[in-house]
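Per Swiss-Prot, FMN binding site is recorded for 25, 26, 27, 60, 102, 171, 223, 299, 324, 325. What Swiss-Prot lists as substrate binding site is 171, 174, 352, and the listing cites similarity to another entry.
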């Protein structure tokens, strides 16, 4: 049995986690055509909640119809969606675990066909495409920006007060709408929403303030990916000062946590060969401090996760490790890591099969876990 700091308890929002292994938010296309979570989703999250005291973060969830930028992604704006999510939340809570919903708006990163089929147009902070040759979005006007802020707030209320989620994570990463305002590689505005570090930060911060006012500071997290070049991001000259300012403002709001992702994407370089001294987010981790949890994501495996908490950040108990792909294929991942049990391999070909349980809910639990199935949940 592991003695790693991975298995220390951690205060988190209004709860206490039994370990530091977190399910990553992942877009898996398992909602129906109307954005209602299918029954597979309840099974998926219940499986990964089976080790008591686990933190799960959901798929990216569209906050309103205009943000449903891909087919078969879930939403949180109507009663059918909220009711389906409540079933998911209740199942996770019955296992003694916790679940936060990720609030999402795609902006220029949406699938154009998915938008046009709904009579919607591509939009962003500025008229800058994701890449040369890609469709050019239109720039949001003042009224539309204010409406987006209200939509985030309503999405948070629907999640926490309607569906019973423990909290919400604002998706400010990976080149989606909040990131499109935050980074000058996309944001070319000259009004109060662009042109300076403070103005580029305004959209994300106004969303955060509104959501905090709606559901409470200890029910709000933020995900950022400063170094990711995915979807045209991560190329601005003043990247570190931009994110230093933004993170400082988030810390002053005393939100529940910060979630940082390293640049580890299919079409990008391995982060180990990137040479910028701040690339692995240590600067931002130090800025965040030790008072509130910080989630770190970036292709971690059992060994690198242990090194992260036992060596790199051994002086703090607030660093949690986010797993995506390994959690797909190992629903009992915290149990396996604690007991030193080998991980099952994942199958990329089944990551994104719409409306299907294949590669989603059919990975088995290990024998050692099943031997304890007479317990309501396994102690984390």
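Cβ from N, Cα, C; glycine included.
Note on proximity: of the binding-site residues 171, 174, 352, the one nearest residue 223 (FMN binding site) is 171, by Cα distance. In the structure shown, across all protein chains, 174 is the one of the binding-site residues 27, 174 with the greatest number of other Cβ atoms within 10 Å.
On a Cα basis, residue 174 (substrate binding site) lies 12 Å away from residue 27 (FMN binding site). Among the binding-site residues listed here, namely 171, 174, 352, 171 has its C-alpha nearest to that of residue 25 (FMN binding site). DSSP classifies residue 27 (FMN binding site) as coil under the three-state reduction. Every protein chain considered, the tally of other Cβ atoms within 10 Å of the Cβ of residue 352 (substrate binding site) stands at 16. Residue 174 (substrate binding site) falls within neither a helix nor a strand when secondary structure is assigned with DSSP, and so counts as coil. Secondary structure at residue 102 (FMN binding site), as computed by DSSP, is strand.
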